[in-house]
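Taken from TrEMBL as is:
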- GLY174, ARG175, SER176, ILE244: NADP(+) binding site (BINDING)
- 15-129: domain 'Tetrahydrofolate dehydrogenase/cyclohydrolase catalytic' (DOMAIN)
- 148-297: domain 'Tetrahydrofolate dehydrogenase/cyclohydrolase NAD(P)-binding' (DOMAIN)
Amino acid sequence: MNEAIQERSGRADVIDGEAVAAAVRESVAEAVSRLDEVGVTPGLATVLMSDDPASETYVRMKQRDCAEVGIESRHVEIDTDAPASELFATIEELNDDPAIDGILVQRPLTEGVDEPAALRRVDPRKDVDGFHPENVGRLVTGDPRFVPCTPLGVQRLLTEAGVEIPGSDVVVVGRSELVGKPLANLLLNRGDDADATVTVCHSKTDDLAAHVSRADVVVVAAGVPGLVDGEMLSADATVIDVGINAVGEGDDRKLIGDVDYESASEVARAITPVPGGVGPMTRAMLLKNTVTAAANQAAVDIDLGLD
Ligand SMILES: NC(=O)C1=CN([C@@H]2O[C@H](COP(=O)(O)OP(=O)(O)OC[C@H]3O[C@@H](n4cnc5c(N)ncnc54)[C@H](OP(=O)(O)O)[C@@H]3O)[C@@H](O)[C@H]2O)C=CC1
Ligand SMILES: Nc1nc(=O)c2c([nH]1)NC[C@@H]1CN(c3ccc(C(=O)N[C@@H](CCC(=O)O)C(=O)O)cc3)C=[N+]21
């Protein structure tokens with residue numbers, strides 16, 4: 001049995017995102033020490049312009065992750081009442097700051113700020129989120145530089161779970177710029193960890209169940225709890241649940257995914273839990289992209305040991 005697969009629940013193997021993310025962080029820490037030997041310390045800047053408590057939590061987690069692997073982090077908070085020009089000026093400053101290798105502008109931004117305009121301002125060489133149109137274009141044309149962290153995390157979970165991606169039928173539920181579209185492009189590209197036949201479903205898809213039932217791999221990123229359940233799945237399917245939905249109040253408050261875990265794990269071959277699946281991988285891939293950005297900007301030609 002694979003290291004990524006820790007336990008069985010129902011019939012499906014449970015893919016342990018925390019364990020795979022810990023292994024990624026370990027290899028990132030090793031790469032950081034190799035960079036340290038040549039005098040390079042990677043730096044990540046997080047920019048928050050929002051009062052959303054979940055965003056504040058995520059940004060804190062990202063800083064903690066950085067500290068664990070030896071990446072320096074800087075956090076900039078912009079008042080939600082401030083004009084967008086203040087956000088844009090902050091991004092420009094970070095673009096020009098040699099101590100900063102990666103810039104993450106936490107989404108969603110406060111209402112009224114033109115998000116695409118903000119993402120376009122990030123220097124594409126520091127765009128560790130992979131959201132700048134230049135990096136989006138490079139992914140789509142099969143010459144990726146920075147690939148968004150969640151799709152990268154999903155791809156790694158699939159390979160760690162022993163899924164043979166080439167030739168497989170992948171159904172992605174959700175077509176957002178953040179997750180669905182870049183994931184579809186990543187798995188559609190040529191390569192040993194790709195070469196999939198990809199179908200992308202969304203809210204206007206006629207008969208979601210018909211698509212899902214034919215898939216070897218189902219990735220759900222819709223933000224709709226219970227959207228995919230066991231009845232829709234084929235018995236050999238691997239299910240990756242990207243959704244993060246907070247349900248309940250007070251002591252009953254918890255996170256659930258977009259997949260009905262109970263029924264899906266009775267049918268599927270393997271499944272990711274929420275929490276503990278894709279979320280930790282998203283954060284781990286951010287660290288990896290930051291180290292890559294640092295090596296590229298320092299123009300050091302050393303083997304980072306990252307793949
Ligand atoms: N684990 C992680 O690391 C991350 C988790 N997330 C989570 O993943 C989920 C998706 O995020 P994101 O991509 O940003 O979300 P968006 O809201 O931007 O996109 C949701 C997508 O799902 C589609 N959709 C909505 N309802 C249905 C439906 N009934 N049937 C089929 N498709 C549907 C939408 O279709 P249409 O385009 O037609 O509106 C849209 O394409 C959220 O729960 C988010 O919190 C996000 C990022 C990282
Ligand atoms: N510029 C930008 N880049 C992003 O990558 C980005 C973003 N904005 N905005 C919001 C989404 C969401 N996202 C998550 C990251 C980690 C977890 C995560 O670690 N989740 C844990 C649980 C966390 C908890 O306990 O709250 C888990 O699933 O186990 C979840 C969601 C990144 N996003």
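Sequential numbering from 1, following the chain as shown.
The backbone N, Cα and C atoms fix where each Cβ goes, and this holds for glycine too.
Checking the binding-site residues ARG175, SER176, ILE244 for a CB within less than 6 Å of any atom of ligand 2 leaves ILE244, listed in sequence order. A count of other CB atoms within 10 A of each Cβ picks out GLY174 as the most crowded of the binding-site residues GLY174, ILE244. Residue counts for the domain 'Tetrahydrofolate dehydrogenase/cyclohydrolase NAD(P)-binding' (148-297) under DSSP (helix as H, G, I; strand as E, B; rest coil) come to 60 helix, 28 strand, 62 coil. Mean pLDDT of the predicted structure over the domain 'Tetrahydrofolate dehydrogenase/cyclohydrolase catalytic' (15-129): 97. Helix first, then strand, then coil: DSSP counts for the domain 'Tetrahydrofolate dehydrogenase/cyclohydrolase catalytic' (15-129) stand at 61 helix, 17 strand, 37 coil.
Other C-beta atoms found within 10 angstroms of the C-beta of SER176 (NADP(+) binding site) number 16, with every protein chain shown included. Annotation for ARG175 (NADP(+) binding site): spatial neighbours LYS181, ALA184, VAL200, CYS201, HIS202, criterion Cβ-Cβ under 8 Å with sequence separation of six or more.
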